[in-house]
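TrEMBL annotations:
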| type | residues | note |
| --- | --- | --- |
| BINDING | 10, 11, 12, 13, 121, 123, 202 | NADPH binding site |
| BINDING | 122, 148, 149, 173, 196, 209, 214, 215, 218 | 1-deoxy-D-xylulose 5-phosphate binding site |
| BINDING | 147, 149, 218 | Mn(2+) binding site |
| DOMAIN | 4-129 | domain '1-deoxy-D-xylulose 5-phosphate reductoisomerase N-terminal' |
| DOMAIN | 143-226 | domain '1-deoxy-D-xylulose 5-phosphate reductoisomerase C-terminal' |
| DOMAIN | 258-373 | domain 'DXP reductoisomerase C-terminal' |
Ligand code: NAD
Ligand code: MG
C-alpha cells in the first residue's frame, strides 16, 4: 500500500489523480486531500477515498467543511499552514497540484518530509528552482515531473549517459491562437483563451497556454529538472499534441514519448514509478491521427515566450518576478480587467522595474514574489484607468 496525499485535489490534475487512485483501492491509502475552498468536491472525495484528513486553504471555508464531514471519520482542517502541515505528514507519495505560487510552501514542506513528490505545480520550480532542488537533495526526496512535457523527457532520458544529451526539445501545441494574426489578438476574450484545442485544464494554465507563457515557464522548469544548460533547451510547436517532448542525443538519436493528450498518462507514470499502471486513456491510433506537424514558435506573436526565455538566461530573481507578474496579469485578464496582450506587457514591465538579488531561501523567493505582485497590480490599475 502506498500512502498518498493530493495537494490541490479538486482541480484538473487533482481530479485525474484521484480517478487513478480510486480505480486501484488496494494499492493506495489516502492520507490527506487539500483544496482552496471547494468544500463540496473536497469532502465528497475525502469520504469516498476514506482520507485521514481534508484541508481547505481558505480558513473561511473550514466551518462548512467541518459540517460536511461531521461523523464521516475524516478530520477537517483549515488554513494555508494546515496545507503545509499535512504536506509534511510524510506520505510515501504526494501529488503537488496546487495552482500558482500558493503551491510553493506546500511543495517545500513535502520535499522536506523526504518522500516522493509528483510535481504538477511548475510555478514552484520557476520561482524557486534552485531552492527546491537543493531541498530535494538535502532531504533525500524524489521529485517526479508530472507536467506532460517533462514527464516525457524523464521517460526518454538515458540516465546512464547524461553527457550524451545534445538538446531537450519541448513540444507546444501552440494553444488556441497558434494561427491567429497579431492584429486579432487584441480582442481575445477569457472564454476564447481558456478553450484549449487539445487539453482540458484549469483556467490559469489554459491562459498560459494561450499566451505561450506556459511553454516559457516549462523551459525554466526543465532547466531545473534536467542536467542541461539553458542553450540546450528548445521549443517546437506541434499542433497535434501527440509527441509530448523529445531528447536528442549526441549520436543523432532522438527519443520521444508519444500518447493521446490525457494527463492521466503522466500522472499514472509518476504514481506507479518505477513500475507502470493501466489507465483508461484511449490508446494512441497514429493511423487516425495521420499527420504529425512541427514548426518553430513565433516569438513576435507570442512575446510571453520570448520573455520567459530571457528570464531563464538571466536567472537570479528574474523567473520569480516573471511568474508573479504573470499570475497577477492572468487573474486580471480572467476577471475581464485587462486585455489579452496586456498579460505579456505587464510581465515585461514588472521585469523592467524591479531587479533584486538572486534569492537563496524560500522566504527570499516569497518576498520577491510579493513585491513583484505589487508592481504588477499597479500596472493592472493603470490599464483599467
Ligand atoms: P486547477 O485550477 O484546476 O486546480 C487548482 C487546485 O489548487 C484546486 O484544487 C484549488 O482548490 C487549489 N488551489 C487554488 N488556489 C489555492 C490556494 N491559494 N491555496 C491552496 N490551494 C489552492 O489547476 P490545474 O489545471 O489542475 O493545475 C494545477 C497545477 O498543475 C498548475 O501548477 C498547472 O500549471 C499544473 N499543470 C496542470 C496541467 C493540466 O492539465 N491541468 C498540466 C500540466 C501542469
Ligand atoms: Mg505542460
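A Cβ is built for glycine as well, from the same backbone N, Cα and C atoms used for every other residue.
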Annotated binding-site residues 12, 122, 123, 149, 202, filtered by Cβ under 6 Å to ligand 2:
149
Can you work out the mean pLDDT of the predicted model over the domain '1-deoxy-D-xylulose 5-phosphate reductoisomerase C-terminal' (143-226)?
94
Apart from 147, 149, 218, which residues in this chain have a Cβ no more than 8 Å from the mean position of the Cβ atoms of those residues at the Mn(2+) site?
122, 145, 148, 150, 151, 170, 214, 215, 221, 222, 245
Are there any residues in the same chain, six or more apart in sequence, whose C-beta is under 8 angstroms from the C-beta of residue 202 (NADPH binding site), and if so which?
11, 12, 13, 99
Residue 147 (Mn(2+) binding site): which of the binding-site residues 10, 121, 122, 123, 196 have a C-alpha within 10 angstroms of it?
121, 122
Listed binding-site residues are 149, 196, 214, 218; which sit with C-beta under 6 angstroms of ligand 1?
none
Going by C-alpha positions, which of the binding-site residues (122, 196, 214, 218) is nearest residue 10 (NADPH binding site)?
122
I'd like to know which of these binding-site residues, 122, 196, is least surrounded, judged by other CB atoms within 10 A.
196
Using Cβ-Cβ distances, find the residues under 8 Å from residue 149 (1-deoxy-D-xylulose 5-phosphate binding site) that belong to the same chain and are at least 6 apart in sequence, listing them in sequence order.
170, 171, 218, 222, 244, 245
At the Cα level, what's the spacing in Å between residue 121 (NADPH binding site) and residue 196 (1-deoxy-D-xylulose 5-phosphate binding site), rounded?
19
Could you list the residues of the same chain, at least six apart in sequence, whose Cβ is under 8 A from the Cβ of residue 123 (NADPH binding site)?
99, 100, 101, 103, 104, 217, 323, 327
With DSSP as the reference, give the number of residues of the domain '1-deoxy-D-xylulose 5-phosphate reductoisomerase C-terminal' (143-226) in helix, strand and coil.
42 helix, 11 strand, 31 coil
